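Below you'll find the structure, written out as C-alpha cells, and then a few comments.
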2 protein chains.
Amino acid sequence: MNTEERLIESTRALLWERGYLGTSPKAIQQRAGAGQGSMYHHFAGKHGLALTAIRRTAEELQAVAEARLSVPGTALERITAYLRRERDVLKGCPVGRLTQDPDVMADPALRAPVEDTLAWLRTRLAQVLDEGRAAGELDRRLDPPATAAAIVAVLQGGYVLARASGTTDPFDQAVSGVLALLAAHAPETARQRA
Amino acid sequence: MNTEERLIESTRALLWERGYLGTSPKAIQQRAGAGQGSMYHHFAGKHGLALTAIRRTAEELQAVAEARLSVPGTALERITAYLRRERDVLKGCPVGRLTQDPDVMADPALRAPVEDTLAWLRTRLAQVLDEGRAAGELDRRLDPPATAAAIVAVLQGGYVLARASGTTDPFDQAVSGVLALLAAHAPETARQRA
C-alpha cells in the first residue's frame with residue numbers, strides 16, 4: 001500500500017475503534033507510518049481524510065451486502081445468506097457505529113454516506129422481500145418496507161447487544177429470531193417445500 | 001435539585017450526547033453550575049460520577065420497561081405497549097449508545113450496568129413471550145429467547161436507523177415490521193379474537 005492508501009485505511013480503522021473525536025491526526029499518522037507533511041500533502045486535513053474513509057467503508061458495506069443478496073435462491077435463502085455472513089460482530093458495524101458519533105452526525109458531508117447506505121440497505125431488502133411475495137414464497141400480507149426496516153434494525157441492534165454482552169450470542173439469537181418469524185410468513189406450501 | 005443531583009444529571013445528559021471522551025469535568029461543572037471544588041467534594045472524579053450516572057440511567061430504563069411490560073393484556077399487547085411507548089427516538093437509547101463508547105466498554109465497572117440492563121430486557125421479554133405461549137396466544141413453535149433478542153435488537157437498531165436518516169420513520173417502520181411478524185405467530189384462533 002502506498003502512503004495515501006495507508007492513511008485512508010488507518011483512518012477507517014480508527015474511526016471504527018475510537019470515533020471521530022478519538023481519531024487525532026497524530027494517531028492517523030502513527031498508525032499509517034506517515035509523517036505530518038505527507039498527510040497534508042495528500043489530504044486537506046482530518047475532515048477530508050475522514051470523508052474519504054467513510055465513503056469507502058460505505059461502498060464496501062454495500063458491495064458485500066449486494067453479493068449475498070444476489071445469490072441464487074428464494075428470498076428467505078438470500079436474506080439468510082446476508083444475515084449469516086461472517087462478520088466481526090464484536091467490533092460492530094463500521095457504518096452503524098457512526099450514527100452514535102456526534103461529530104459525524106453534525107456534519108452533513110460525513111453523515112451522507114451513513115444515511116445513504118442504511119437507506120439503500122432497507123430498499124434493497126424490501127425489493128428482495130417483494131420478489132419473494134411475487135414468487136409465492138412469502139405471504140402477500142407481509143409489508144416489504146416495514147419488514148426490511150425490522151431486518152436491518154435486527155442487524156444493527158444485534159451488534160449493540162453483542163457489544164454489551166461481550167459475546168456474539170445475542171447477535172446470533174436475534175438473527176435466528178427474526179429469520180424464524182420470517183419463515184413463519186411463508187405460505188404453508190412454501191414451508192413444506194423448504 | 002441540590003448540587004450533587006445537578007452534577008449527576010449533567011453527567012447523564014453529556015454521556016448521552018457526547019460520550020465519555022466528550023464529557024470533560026469542566027463541561028459537567030458548567031452544565032451543573034457547580035465549581036470544581038464542589039464536584040470533587042461529592043465525587044472522586046469523572047469516573048465515579050459517570051458510574052453513578054450510568055447506574056441511574058440503567059435503573060430508569062428498567063423501571064420504564066417494566067411499567068409497560070406489566071400492563072394487563074396479552075403478551076402481544078404488552079410488547080406493543082413497550083415498543084410503542086413515547087421515546088426520544090432521535091437521541092437514541094442512553095444505555096445502548098454506551099456500547100459504542102470505547103472508554104465505557106473498556107472499563108468493567110462502567111460497562112456492567114449496560115450489560116446487565118440489556119440482558120435483563122431480553123430475559124424479561126422472553127418471560128412475557130413464554131407467558132403468551134402458555135396462554136395459547138402465541139404459537140408453541142416460537143422460541144422465546146431468540147424472539148426476545150430480535151425484539152430488543154429491533155429497538156436498538158431502530159434508533160440507529162432513525163439517527164442515520166434524521167427522522168423517526170425507520171424506527172416506527174422497524175417496530176411495525178417486527179410486531180406484524182410476531183402477530184402472524186399467533187394461532188389462528190388467537191388472531192381471530194384479536
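Cβ atoms are placed via backbone N, Cα and C, with glycine included.
If you look up TrEMBL, you'll see B:1-61 marked as domain 'HTH tetR-type'. Sorting the domain 'HTH tetR-type' (B:1-61) by DSSP state (H, G, I as helix; E, B as strand; all else coil) yields 47 helix, 0 strand, 14 coil.
The DNA-binding region feature in TrEMBL is assigned to B:24-43. Across the residues of the DNA-binding region (B:24-43), the predicted structure has a mean pLDDT of 94.
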